[in-house]
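Here is what TrEMBL records for this protein:
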{"type": "TRANSMEM", "residues": "26-46", "note": "transmembrane segment"}
{"type": "TRANSMEM", "residues": "72-89", "note": "transmembrane segment"}
{"type": "TRANSMEM", "residues": "158-180", "note": "transmembrane segment"}
{"type": "TRANSMEM", "residues": "280-297", "note": "transmembrane segment"}
{"type": "TRANSMEM", "residues": "303-321", "note": "transmembrane segment"}
{"type": "TRANSMEM", "residues": "361-384", "note": "transmembrane segment"}
{"type": "TRANSMEM", "residues": "404-425", "note": "transmembrane segment"}
Amino acid sequence: MAGGGGGDAVGGGGATEITLEYTPTWIVASVCSVIVAISLLFERMLHRLGKRLLRKSRKTQYEALLKIQKELMLLGFISLMLGVFQSATQKICVKESVMRHLLPCRLPSSVSAGSAKFAGALGGARRLLSGGGAVDDYCLRKGKVPILSLEALHQLDIFIFNLAVTHVVLSVLTFVVGVAQTKNWRHWEGKIQQNDDSGTQTIKHVQEFKFVRDHFKGQGIRWKIFGWMRSFFKQFYGSLTEEDYIAMRLGFIEKHCRGNPKFNFYNYMIRAFEADYKKVVGISWYLWALLMVFLLLNVHGWYVYTWLSLVPFILLLVIGCKMEHVITEMAVEVAQKHTAIEGDVVVAPSDDFFWFHRPKVVLYLIHFILFQIAFEIAFFFWLLVAYGYESCIMGKHAHAITRLVLSIASRILCGYSTLPLYVIVSHMGSSFNKAIFDDNVSEDLANWAQSARRRNKRNKTNVDAANSSIDERHGGVVQMTNA
């Protein structure tokens, strides 16, 4: 018979859980084998996917995969920290009155000091615990309660992992849907590449061009308001026409690669978007900071999450409207500067069309929107599994369903309209992305720049050494003269 300390763990009326000391070894070995096998299988899948991307020269997508692996490693480290410090958190004791503020659920009126003790839970979900082990007794002897229970730490670990995985998966799906929406653009690009432009260019009045006629309706405040209204509603149907694509393509080529009229603008956009995707798929430090703010604001009666769910949806509508209006502004500029045009319409890309004169601002907004939507969806399903639909932390049922519907609608709108618009309109700025060169050329340029920096550094070192030698000789001559 084992020592008397194990009696409660084996059959002491269910007061405590069975520890590893009294768990059959075949169960421990079997569970560990399954976990290790699944982990190794997942690791090999990622490895093979990376090798396949490299074989197909999809360097940007391979770098995005490395970013995902980095996020998974960070999640593993967070889980490790939560496990290592779980005993330490049980020895951080606070007064019971502290646990009665900023609760996501209303505290039962039957709870009184001394009759129960509190253990913190994620977002404030509280469990009333009677009894407990030696760690709970540590705070109980001081007349206080632990700042966070073991159950709360476990749920916190699950939620953070769920949030990160949800964000990565939804980002991948949104990227796939967004690129799929550009299939018509590939067809338009193919038609342009096949056309022979060696013929004479006819002169047309600007109002004869469908691109100008669709966007420019006149001058004055009345038509400006109409232009904004049209831009708002156009993002829901046919957000980009063939005339829009051709005009922006010609404007980009005229500004950045005039000597290459057959430049494949579609391939450039996709390469540039893949480079931006590496930033969107990750969780930056400011998004982790926002997560802390979201958890802090989950207080009963505030309904903050309901209002927060409106933010990404409204932002997407504003961004889509702005992207459409950039196209309208370029058409208006053409109509105001020209009465007739030889050939096709050529717009003039400029940073002045964008917020703060920076097209990349839209990318940061989309990054925030995708994370906020992932948070809403992950939070809903985590609560549903962990606490049930009737849990008080879920809030009012109407609010919970509204948040979920808005999040899903925002994801659909982002993949269907906002993201494709960003893919093309973001390149209507004054500068171009380094993705204008293919991977081989970019690598050669990077190697050339690195070699040039090394040569400059070596030449500078040689010049400094020569100057030092001259100064030394000059100093010796001066000393001899003085002597």
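If you go along the chain as it appears here, the first residue is 1 and each next one adds 1.
Including glycine, each Cβ sits where the backbone N, Cα and C put it.
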Below 8 angstroms Cβ to Cβ, which residues of this chain, lying six or more residues outside the transmembrane segment (404-425), approach it? 170, 173-175, 177-178, 181-182, 185, 235-236, 239-240, 245, 248, 269-270, 272-273, 309-310, 312-313, 316-317, 319-320, 323-324, 326-327, 359, 362-363, 366, 369-370, 373, 376-377, 380
Surrounding residues of the transmembrane segment (280-297) on its own chain - C-beta under 8 Å, 6+ positions past either end: 64, 67-68, 70-71, 102, 122-123, 163-164, 167-168, 171-172, 175, 304-305, 308, 363, 366-368, 370-372, 375
Given the transmembrane segment (72-89), its same-chain partners at Cβ distance under 8 Å and 6+ residues beyond its ends are 135, 146-148, 150, 153, 156-157, 160-161, 164-165
Can you work out which residues elsewhere in the same chain, 6+ from the ends of the transmembrane segment (158-180), have a Cβ less than 8 Å from its Cβ atoms? 68, 71-72, 74-75, 78-79, 122, 270, 273, 277, 280-281, 283, 291, 370-371, 373-375, 377-379, 381-382, 386, 411, 414-416, 419-420, 423
